[in-house]
Amino acid sequence: MTDYKATLNLPDTAFPMKAGLPQREPQILQRWDSIGLYQKLREIGKDRPKFVLHDGPPYANGKIHIGHALNKILKDMIVRSKTLAGFDAPYVPGWDCHGLPIEHKVEVTHGKHLSADRTRELCREYAAEQIEGQKTEFIRLGVLGDWDNPYKTMNFANEAGEIRALAEMVKQGFVFKGLKPVNWCFDCGSALAEAEVEYADKKSQTIDVAFPVADEAKLAAAFGLASLTKPAAIVIWTTTPWTIPANQALNIHPEFKYALVDTGERLLVLAEELVESCLKRYNLEGSVVATAQGSALELINFRHPFYDRLSPIYLADYVELGAGTGVVHSSPAYGEDDFVTCKRYGMVNDDILTPVQSNGVYVESLPFFGGQFIWKANPAIVEKLSEVGALMHTETISHSYMHCWRHKTPLIYRATAQWFVGMDKQPSTGEPLRERALKAIEDTKFVPAWGQARLHAMIANRPDWCISRQRNWGVPIPFFLHKQTGELHPRTVELMEEVAKRVEQQGIEAWFKLDAAELLGAEADQYDKIADTLDVWFDSGTTHWHVLRGSHDIGHATGPRADLYLEGSDQHRGWFHSSLLTGCAIDNHAPYRELLTHGFTVDENGRKMSKSLGNTIEPEKVNNTLGADILRLWVSATDYSGEMAVSEQILQRSADAYRRIRNTARFLLSNLSGFDPARDLLASEDMLALDRWAVDRTLLLQRELEEHYSEYRFWNVYSKVHNFCVQELGGFYLDIIKDRQYTTGANSVARRSCQTALFHISEALVRWIAPILAFTADEIWQYLPGERNESVMLNGWYQGLSELPEGTELDRAYWDRVMAVKASVNKELENQRTAKVIGGNLQAEVTLYADEGLSADLGKLGDELRFVLITSAASVVPFAQAPAEAVATEVEGLKLKVVKSGHAKCGRCWHFRADVGSHPEHPEICSRCVDNLSGQGEVRHYA
């Protein structure tokens, strides 16, 4: 028996079937580094239009988690796809380096005894060490960027740039000093930004407290009475007993009705709607004597329960009827709404009582409670209220309360002298900041679109931005304040530039070591040099100034406006927010044209990731077991607009999908064996009809993919590429061409046509997957035939695809109909295999009973129909002649019948044909194979 295997064009490639990504990816990273891939991209892109994705800096602390990996991979997919689309898309990674978490780490490691200078020195060392660790992890994910020259907010140039950004805002009149309640953490000893606040359940003691009336006649008149017949009091309800010593007013709603209730011993003022629930809570019976509109009670004075001072009634719209008494006790130093209301009624800063110190302890001079920590003083305050007869009720409730994101301890609002960026303050020119920012939001594109309304609501309702902190590790606020007037030095902006120049050379230490006389000369003894540092959100929020037009100068020629900022949904109140405010203050527009928000990672059951639940996924572990490309494929396959589910099982599914794509690539490469595009590539018009369709289908898909990439719809890219590999290629085209590829002459038109199509498909596919499967695409690139440059990323989308000309007889619609017929035939062939009627598809002969239109279509393929259906014989018969046993199909006007071939099997092509053995020299093969071996070779026209 002759072995005809050597006469076949069998697939052959060195491209490995087994990916071995954990071992192979580091080798590819080394190659990218050795060829200077990022620098090469900058060189070839210098004359291209620019696309700037500005990196939101992760914090330089700890190992990266799955959220970091997701974020960086998304950014990398955009940068790579924009590069392929013909843009110069630089990517400068950055790090946020200052702030409390690093200072806290240093304190934990070295103790709190350190000097401020030593603290800063150790913080700088710690941040640098953390950056190196994170950088290695990000590079391992295949993220392409300027890793040798990232930006760091602690770089001297960036610290100086931040001071210059602040100077711009001072110059334009946005910055002011004020006393305002800010989020305060006793453990941090500092104000916190909104983004540093998280909410958790807390048990609090609630109290109902009676404030005796001081203006009895006015209260009587307000309720339409000649006089009061017995003692009267107004009742407040609060969850913060510790604020009672700082009470300075009582707030009621101007539109609510208030009742004067006779309870026997005294009269109580309560919101009419809450009388019943309050009396029940106090275990009292009573009757309403009179009612009055809230506005009628304005400015009536009541007495503090245990201090000799008055608390007037102020009207406030924020009072609610959901709980309590309808009366809110007001401590302007410890509540935002209280502060605003008291200021509206003319209270000046010097009149505001601030008995709580930065460590949470009352000042020693406070009667009854001096020297006590506020949380521990609560029982003593309740006892005092009970002692003076003011306590109506107390109970403990559990409610959501603000906590420090770092220490997990409860926060308070605390009025302190701080520096603010005014939201509604009139600048030297133009509109106030809030107005500017709201306009800028309208000019910004949001992905997903709901982000616009979210950010708009935050900006519309936010208070002034407190930018000062009382910490050591931060960029200084280099102000000199007059000792007598408290005013800024008249040359503040000029002095800030002098400080910035020094910081540029020596870092922030230059300010802290500066002797004021060096800048102020003889004036130095008249001014205080302040020690406050900037909110870290100001650090990252001004990177558009000190990175894009500063340390790295990667903005557009028209200015430092990025095309895209991309971060998690929490950054609407973080980096997106602070960047918007600084951009609008300095440049009067947002520093970005588009904002993309991604959701948070959850496990497959929708639960948040946490070490306690044991459901975290560590990027390093995935890299070392499955490979970074699997993680990248998961990112691409997941809709980032909501929560993103990830687990070991989900990643395993990504690995399965990866194998299908890799196997497709391997099939393409192995069937390009011996193909030299410079020698063997056919013109489109010389190719077979099916091959021309395959190239046309590839072109249509590429157009769709380019659009999906430009809109950042990576999950659509993934699904369409995966479906193309599995269905159009694996389930149709690649299956059909195997016979022609393997059995026809090595240099025949039939085979070269097929290889030309495979070459075009490969060139397109390798680029499609390059933004997602960064490592695998570059690996494939090395195995493609023909001369080529060093990396797929040094190219654009493939331009060698040709469209089917208009008027082509076998057009797209034609092949769609053929695919539908083939799917129906495959279904019946599978049934016959299951029933063991046939062993394989080539053992089948199929008769198609088709209506007139379909019959004409199928007839165009002639004898080549059998190659399309991958059966040994195929015939088309009029639909009316279908016998009873013919199988109906989902294709209208088509029935079919499959029978087992009665002919011998060709030992070379495996088709069952009547002419097997008809050639005496080759008794084991069919005449087609004989012709391909020793004759002119078969001629194919269609498939």
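Note that Cβ sites are derived from N, Cα and C of the backbone, with glycine treated the same way.
Marked as L-isoleucyl-5'-AMP binding site by Swiss-Prot on the basis of sequence analysis: GLU567. Classification of GLU567 (L-isoleucyl-5'-AMP binding site) by DSSP places it within a strand. Within the same chain, residues at least six positions away from GLU567 (L-isoleucyl-5'-AMP binding site) with a Cβ under 8 Å of its Cβ are GLY56, ASN71, GLY574, TRP575, PHE576, THR597, HIS598.
When other Cβ atoms within 10 Å of the Cβ of LYS611 (ATP binding site) are tallied across all protein chains shown, the result is 7. For the recorded site, LYS611 (ATP binding site), the DSSP three-state label reads coil. Per Swiss-Prot, ATP binding site is recorded for LYS611, and the stated evidence type is sequence analysis.
Within the same chain, residues at least six positions away from CYS926 (Zn(2+) binding site) with a Cβ under 8 Å of its Cβ are CYS906, ARG908, CYS909, HIS911, ARG913, ASP915, VAL916, SER918. As annotated by Swiss-Prot, Zn(2+) binding site applies to CYS906, CYS909, CYS926, CYS929.
The feature motif ''HIGH' region' is assigned by Swiss-Prot to 58-68. Across the residues of the motif ''HIGH' region' (58-68), the predicted structure has a mean pLDDT of 94.
Here Swiss-Prot flags 608-612 as motif ''KMSKS' region'.
Listed by sequence, the residues of this chain that lie at least six past the ends of the motif ''HIGH' region' (58-68) yet keep a Cβ under 8 A from its Cβ atoms are 95-97, 99, 101-102, 105, 127-128, 130-131, 133-134, 137-138, 152, 568, 600-601, 609, 616-620, 646. Most Cβ neighbours within 10 Å, among the binding-site residues CYS906, CYS909: CYS906 holds that distinction in the structure as shown. The two recorded residues, LYS611 (ATP binding site) and CYS929 (Zn(2+) binding site), show a Cα separation of 64 Å. Residues THR743, GLY907, ARG908, TRP910, HIS911, ARG913, VAL916, ILE925, SER927, ARG928, VAL930 surround the recorded Zn(2+) site, their Cβ atoms falling within 8 Å of the Cβ centroid of CYS906, CYS909, CYS926, CYS929, which are themselves excluded.
According to DSSP, CYS906 (Zn(2+) binding site) sits in a coil region rather than a helix or strand. For CYS929 (Zn(2+) binding site), the same-chain residues that are 6 or more apart in sequence and have a Cβ closer than 8 Å to its Cβ are TYR4, THR743, CYS906, ARG908, CYS909, HIS922.
In the motif ''HIGH' region' (58-68), the DSSP tally of helix, strand and coil residues is 3 helix, 1 strand, 7 coil.
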